[in-house]
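The following features are taken from Swiss-Prot:
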COMPBIAS  662-677  compositional bias 'Polar residues'
CARBOHYD  Asn175  N-linked glycosylation site
CARBOHYD  Asn244  N-linked glycosylation site
CARBOHYD  Asn273  N-linked glycosylation site
CARBOHYD  Asn309  N-linked glycosylation site
CARBOHYD  Asn453  N-linked glycosylation site
CARBOHYD  Asn482  N-linked glycosylation site
CARBOHYD  Asn489  N-linked glycosylation site
CARBOHYD  Asn504  N-linked glycosylation site
CARBOHYD  Asn551  N-linked glycosylation site
CARBOHYD  Asn566  N-linked glycosylation site
REGION    634-697  region 'Disordered'
TOPO_DOM  1-52  topological domain 'Extracellular'
TOPO_DOM  74-135  topological domain 'Cytoplasmic'
TOPO_DOM  157-320  topological domain 'Extracellular'
TOPO_DOM  342-394  topological domain 'Cytoplasmic'
TOPO_DOM  418-600  topological domain 'Extracellular'
TOPO_DOM  622-739  topological domain 'Cytoplasmic'
TRANSMEM  53-73  transmembrane segment
TRANSMEM  136-156  transmembrane segment
TRANSMEM  321-341  transmembrane segment
TRANSMEM  395-417  transmembrane segment
TRANSMEM  601-621  transmembrane segment
Amino acid sequence: MIFSRSARSIFPLLPPYGAHDPQGGRAVPLQPDDITPYMGLRARLSQIWMNRWTILLLLVLVRVLIAIASLNTNMDSARREALSACTSVESMGSAMASMPHYSARGINELTASGVETAVSALKTMLTLVVSGVEELIVFFIKMMYQTYLCLITMAVRGTVDVGVGLLKDASDFLNSTIKSIGEGISDATQTFEDGLNKFVDGINIVGSVFGGDEVPDLDLSSFIEDLENAQLPSSIDDGLDKLNDSVPTFDEVSEFVENIIRTPFDEVKKLINESMGTFTFDRDTLPVPAKKQLSFCKGSDGIDSFFNNVSDIAETAKKVFIAVLVIAAVLVCFPMAWQEIRRWRAQKERSQLVRKEAHDPLDVVYIVSRPYSAAAGIKAASRFSNSRRQILVRWVIAYATSPSALFVLSLAIAGLFACLCQYLLLRAVEEAVPELSAEVGAFADKVVASLDNTSAEWALSANSAIGDINTELNDKVFGWVNSTTTGVNDTLNTFVDKTTGVLNDTFGGTLLYDPLKDVFDCLIGLKIAGIQRGLTWVHDNAHIDFPELSNDTFSRGAAESLSDDNSSESFLSDAGASTSNKITEVVFRVTSAIESGIATEALISGAILLIWFLNLLFGLIRALSLFRSHDRNRGDGGPGPAANLDPNDGFSDVPLTAIPNPHTTAHSAADSQSRSQPVPEYEPPSRNFASAGPPAAVTAQTTYEDEKLGFAGQRRNALKVSVIDARASSYPEFGDEKR
């Protein structure tokens, strides 16, 4: 491949070596400290501090410092807004804490009217209950003893009627029977009497003969007449008739019991009307809490400490970033210096390739000027056996690591690193936000605590007044209820005693007493015992107890709003607010703005990085498209065989000690004679090297691939360094260093 350019286009007006030298331009060996037209190692090392990564790190530091300054400005503004919002919250909290003062009057009126209504309803209910119980007890007692009276009447009169009938039948039977017996005895005794009298008359006759007394005659007629006239007395059933007529009516007992029972009930109703008829709750006994003025913004350690903490974080981050990035910028100079030393040595070694005719001159320039990119390409290309593909791989790496591409890549990396530094700063600030949220929660807790204290004090006084009402009603009204139940129990006992006395007086000593006593116990005694147990229960449980007011009457709603899952329900939040309160919303707005800025910068840096990847993709697409094509032979339209070419063909020998003559041609023989003095020049090779790769013709119709990719990968000794000693100074060199 021929590269032909005029000497002026390559070295425009170069000053000759030694033009300033008193030696007259004579070529002399140069020492390491001599002046050269190119930068030596010392000169390169003197510019290490201006290397790409140091400058980028310093730019990142500048961006971070700008971000910190912007953060401080935004936080100062947020502090003012937060204090303003805190004042609003303080006013709201004071209003909330003073709500018991305004609502207590209404609640007191509601409580008093509720008690009055309850007492009025209680009065009506008690009057109805007392009247109902009174009538029920009277009705029950009347029903019991009237039932018992019916049973007694039925039993006694039935028994008396049966007894009287039996006695009448027995009397009639006995009267008729005795008369018949008397008549029969009269007839029998008359015959006996007549015979006996005859016998006696005979004896009297004999006795008179002998001078004795006469035997009296037997006369039974008077006795027989008495027997015939004998009958049961008519008064035999008078006792039963008297018993039948003496069955008790219990009218006296009924009247007595009814009067005793109604007396306590009438007294209770009278007391109920007197004590509860015009009941009025004393409103003055219910307290009215005083107004509250809360203060938690002035000198608030929470808000001030948060923003001071954020300022401290920003200041600390500023110092850390300055220290770390400056140290990193300084430390990166050391590997860059070492890299520059290695680059210098590699350039010196590879500069020998310029003297070798087997190399593509542009490839040699690329290898010498960009040793690391070239080395990376050579290493990557070593994985392929095909020389064409080796060239394409080297070309892709050279395309992706060109100065423009590396500038884009380094700019993208620096931008992303700056975003990372800003993100770390933002995370440090966001970690401090919960402290502010906790402090705002403490504000709400202070309001709720104030409401709790006020509500508890008010409830204590109000409950005391309600307790006094309970005591008064229990003593005045239900005390008489207790007395009434005791009196009714005593009345029932008196009723039982009176009834038992009547039964004892009426049927005592008779066969009916025990059966009637058992019937009384069964019908009335057991029922009265049950009534007495019920009255005893009423006596033990008759009292009123109005419910007390809760201690959290005024604070329950505020406390529930804080514990609610929906933070927008908090009394410190506006309706529809997305944050828990106004104060933290200010900080969230600042952090959101910073986060949005970081995201924007990250997108920009990502777009720049994408440009580099697109550039790499273009190179890969180009290389892959050439991977599939093959070199053609001459018979297939390919180039002809390579000729033995002079490596200097297409180049002009440019004298380094004199200004070249623009009128001479590149191949003029007089050019070498016009030189004032001989200068060191590269010796042409003693023999030509045959091409080891695919043939390439040096013609005007050179292919596009040859012009763009070169021949470095197509020659056997393309990457070999000549073992021939390069031009060296006669003076010792210290580390091959050049200034």
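Along the chain as shown, residues are numbered 1 onward.
Using the three backbone atoms N, Cα and C, a Cβ is placed for every residue, glycine included.
Within the set of glycosylation sites Asn309, Asn453, Asn504, Asn551, the entry lying nearest in space to Asn273 (N-linked glycosylation site) is Asn551 (CA atoms).
Spatially, by CA atoms, the glycosylation sites Asn309, Asn504, Asn551 include one closest to Asn453 (N-linked glycosylation site), and that is Asn551. The distance from the Cα of Asn551 (N-linked glycosylation site) to the Cα of Asn504 (N-linked glycosylation site) comes to 65 Å. Asn309 (N-linked glycosylation site) sits 103 Å from Asn504 (N-linked glycosylation site), taking the C-alpha atoms as the reference points. All protein chains shown were included, and the count of other CB atoms within 10 Å of the CB of Asn273 (N-linked glycosylation site) stands at 13. Residues in the topological domain 'Cytoplasmic' (74-135) partition by DSSP class (helix H, G, I; strand E, B; coil) as 62 helix, 0 strand, 0 coil. DSSP assigns Asn309 (N-linked glycosylation site) to a helix in the three-state reduction. Beyond its flanks by at least six residues, the transmembrane segment (395-417) meets 52-53, 56-57, 59-60, 366, 370, 373-374, 376-377, 380, 601-602, 604-606, 608-609, 611-612, 615-616, 618-620, 622-623, 708-709 of its own chain at Cβ-Cβ distances under 8 Å. Fewest Cβ neighbours within 10 Å among the glycosylation sites Asn309, Asn453, Asn504, Asn551: this applies to Asn504.
When secondary structure is read from DSSP and collapsed to three states, Asn551 (N-linked glycosylation site) falls in the coil class.
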